[in-house]
Amino acid sequence: MTPSPIIAPSILAADFARLADAVHAIEGAADWVHVDVMDNHFVPNLTIGLPVVQSLRKATTIPFDVHLMITDPERWAPGYAEAGAYNVTFHAEATDDPVALAKTLRAAGSKAGLAIDRDTAIEPYLDLLPHVDTLLIMTIKAGFGGQKFLPGMLDKVREVRRRIDADSLEVRLEVDGGIAAETIEQAAEAGADAFVAGTAVYGAHDPARAIAELRALAGGVG
Ligand code: DX5
Ligand code: ZN
């Protein structure tokens with residue numbers, strides 16, 4: 001049975017001058033807060049890094065789901081685990097040894113996530129699933145919020161779901177990019193059980209209400 005859905009609003013779509021307020025606005029409604037770290041190398045965009053995560057960690061108790069869109073994750077990822085992130089996800093395209101990095105992250109105190117960008121095939125990574133806690137399928141090209149959901153990415157989600165279920169693995173299957181009321185049901189049907197939503201939550205008049213609506217559409221309660 002698929003566990004109850006995780007809704008993870010992305011603060012990329014929030015007001016960066018008021019990040020603590022943005023996190024407080026989803027307390028009691030969101031399961032995780034998704035933090036997009038971009039380095040202007042792995043992706044063209046530049047966002048926030050470790051000092052901001054360290055400060056924000058003190059402002060809330062919501063678990064942090066850190067999504068590292070950076071080169072050289074071996075060097076930087078453990079710092080986010082040490083800063084108290086619940087889950088730290090790095091990109092498959094950015095490392096030669098994802099299993100070793102996942103191990104390092106778990107030793108540093110967080111869960112370990114592996115992200116697959118739009119143009120990356122999933123097949124080479126299926127055998128790695130027992131070594132990670134989260135598998136994140138990008139449903140856009142990583143780098144910017146507010147892009148259009150790519151339904152073609154759901155084939156990867158289905159494939160991962162098949163393997164998770166066949167091998168009874170405890171892996172969260174997360175989708176990221178263009179997740180909104182119009183798209184979350186198809187992602188859930190394909191087998192995702194964790195949903196990142198930036199624009200759909202922080203672009204809404206009432207972020208907590210938007211989360212509740214997304215959760216209901218994803219098959220969750222409350
Ligand atoms: C983009 C980020 C996403 C982004 C999603 O590369 O990884 O987490 O915030 O934003 P929306 O939900 O607006 O597509
Ligand atoms: Zn993200």
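Note that Cβ sites are derived from N, Cα and C of the backbone, with glycine treated the same way.
Heads up, TrEMBL stuff is auto-annotated, nobody curated it.
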TrEMBL divalent metal cation site partner of H34, D36, D176, selected from H67, H131, H205: H67
H34 (divalent metal cation binding site) versus S10 (substrate binding site) - Cα distance in angstrom: 4
For H34 (divalent metal cation binding site), the number of other Cβ atoms found within 10 Å of its own Cβ: 28
Fewest other C-beta atoms within 10 angstroms, as judged across G143, G145, G178, which are the binding-site residues: G143
